[in-house]
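**Student:** One structure, pasted below without further comment.
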Ligand SMILES: [Zn+2]
């Protein structure tokens, strides 16, 4: 069955790129509403920004949604991952600025806030997207693939020059609360030179190494109290992929494989999936399919409470 929140939940923070304070309020919504942002700082015109793949403006650094009137919301991927991972299908997201608050750079605050309020069942089946044939896209040595599967599996491979990252691979079935248990607290990351380039271009102004991003500088790692997982970077890429895939407009049954992929390529993949005849079909989930959705089986006690030093 489709879910929404039992009650509104508010997140206060700063935008990673703008550095400006922002308040975001998730509000319950009815079945079939889907996930939609609403810019409450803009008084006139169309302020609704639906969280859908065809509203994505492809940029390398984050996932940015833009409506037909040019009203935008940036850095939506971590809240989208939290909603998908908790099994929330309908919510109105009021936001008083152009960028989702970065919190600690992961989805953990969002997951805890959502699960504290709890889910309300709406008595209407979930509409999901079932992959029927493989679709692959490539760009600049990166590839993203979706294969048919009766569940959502995310497989990711990264290969970074920074010695402290190097080559990392991980595959996870997004069932039985695995998102909250294994991915939701992994933080965004970059290299020290990326930070300098971004800040010279007026970006990442709200970034605080170790507080809301892990920064790799050769053998040095600025990670606050330490990495939360030895392979925190690849886990974060999987978190991003879940958020970006959920812009399909509902849960996806497929096996996603990302090889050095990013936000832009995952969106290109969704565009290719929907443009390829017979590649995907929309299905109304029966009880067995619903049981395989991300968010089913999520246990409060398994949600990470704090940064854990592992290395
Ligand atoms: Zn991210």
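The backbone N, Cα and C atoms fix where each Cβ goes, and this holds for glycine too.
Relevant sequence annotations retrieved from TrEMBL are reproduced here:
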| type | residues | note |
| --- | --- | --- |
| BINDING | 78, 236, 240 | Zn(2+) binding site |
| ACT_SITE | 263 | active site, proton donor |
**Student:** I need the CA-to-CA distance for residue 78 (Zn(2+) binding site) versus residue 263 (active site, proton donor), whole Å please.
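**Tutor:** Between the Cα atoms of residue 78 (Zn(2+) binding site) and residue 263 (active site, proton donor), the distance comes to 11 Å.
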**Student:** Using a 10 angstroms cut-off on Cβ to Cβ distances, just flag whichever of 236, 263 is the loneliest among these recorded positions.
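**Tutor:** Taking 236, 263 as the recorded positions, the minimal 10 Å Cβ count falls on 263.
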**Student:** Using the recorded Zn(2+) site (78, 236, 240) as reference, state which further residues of the same chain have their Cβ within 8 Å of the centre of those residues' Cβ atoms, listed in sequence order.
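**Tutor:** Counting only non-site residues, the set is 77, 81, 106, 107, 186, 187, 188, 237, 238, 239, 243.
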**Student:** Can you tell me the CA-to-CA distance separating residue 236 (Zn(2+) binding site) and residue 263 (active site, proton donor), as a whole number of Å?
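**Tutor:** Pair distance, Cα basis, whole Å: 12 Å.
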**Student:** Which whole-number value in Å describes the distance between the Cα atoms of residue 240 (Zn(2+) binding site) and residue 263 (active site, proton donor)?
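**Tutor:** A Cα-Cα distance of 7 Å.
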**Student:** Residue 78 (Zn(2+) binding site) has how many other Cβ neighbours within 10 Å of its own Cβ?
**Tutor:** 31
**Student:** Which state, by DSSP, holds residue 263 (active site, proton donor): helix, strand or coil?
**Tutor:** helix
